[in-house]
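Okay, structure first, notes after.
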Amino acid sequence: MKYIGAHVSAAGGLANAAIRAAEIDATAFALFTKNQRQWRAAPLTTQTIDEFKAACEKYHYTSAQILPHDSYLINLGHPVAEALEKSRDAFIDEMQRCEQLGLSLLNFHPGSHLMQISEEDCLARIAESINIALDKTQGVTAVIENTAGQGSNLGFKFEHLAAIIDGVEDKSRVGVCIDTCHAFAAGYDLRTPAECEKTFADFARIVGFKYLRGMHLNDAKSTFGSRVDRHHSLGEGNIGHDAFRWIMQDDRFDGIPLILETINPDIWAEEIAWLKAQQTEKAVA
């Protein structure tokens with residue numbers, strides 16, 4: 001079964017994320033559990049936790065259908081010790097918030113070397129950061145997102161994801177989220193079913209589908225291999241509809257949150273309905 005949704009706003013209270021997801025007939029959703037552009041957040045209150053859990057229960061969302069995202073400020077591979085410590089503390093807090101909310105996944109961007117350390121050193125720091133966070137939490141899986149490779153961001157090669165996983169001690173609590181826009185911008189073609197087969201055969205060989213814990217379904221304004229992260233609505237960008245239809249018809253993508261981060265929230269309900277329809281329709285757009 002496919003879990004299909006979008007990254008919805010939690011403005012006004014975390015419970016509102018579940019309500020907004022239900023309003024667009026989503027069977028999955030993503031959210032930030034705190035302001036993603038601030039380091040610190042007030043601790044979760046018992047009321048906030050209870051209201052969130054009640055809303056998820058009311059609208060039939062289990063933790064397997066929810067893919068929270070951490071703050072954009074966090075860099076788990078930071079080359080400077082003090083800044084790395086700050087990121088690690090913030091990441092632990094994000095994991096603990098998920099734990100309190102009964103959530104089992106936390107999606108994050110791996111990190112950046114900032115042109116100050118080698119890729120290898122940065123990847124090792126990211127893995128060590130994950131180990132520290134897993135040691136201080138229970139029940140939450142760290143879900144590494146592939147990146148477009150802008151600037152000094154790592155995670156744009158499947159080999160980067162595999163290297164991080166290799167350095168994580170508890171393999172049962174690490175996974176990956178593949179963003180289609182990021183993959184395309186990083187040089188993994190998805191424009192035809194044949195290219196999708198090739199890209200995900202590479203993924204299966206290098207990382208492994210057992211680690212796939214979520215997807216971000218985004219078309220790309222950016223061009224193929226450009227290393228530029230610019231999302232677009234499904235079928236309106238440089239990837240096109242075929243990739244998303246192909247994903248919907250492949251059971252390797254069952255049972256994980258498939259999350260839209262496309263640019264027009266007003267058509268998320270239509271995009272979700274279209275994706276659901278592709279599971280059975282074999283040809284037409």
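Even glycines carry a Cβ here, placed using N, Cα and C.
These figures come from a predicted structure and were not determined experimentally.
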Exercise. Pick from His182, His241: which one does Swiss-Prot list with Asp229, His231 for the same Zn(2+) 3 site?
Worked result: His182
Exercise. Of the candidates His60, His69, which does Swiss-Prot annotate as part of the Zn(2+) 1 site that also includes His109, Glu145?
Worked result: His69
Exercise. Per Swiss-Prot, what member of His113, His216 joins Glu145, Asp179, Glu261 in binding Zn(2+) 2 at one site?
Worked result: His216
Exercise. C-alpha of His216 (Zn(2+) 2 binding site) to C-alpha of His182 (Zn(2+) 3 binding site): distance in Å?
Worked result: 9
Seminar exercise, completed: Within 10 A of the CB of His216 (Zn(2+) 2 binding site), the number of other CB atoms across every chain shown is 26
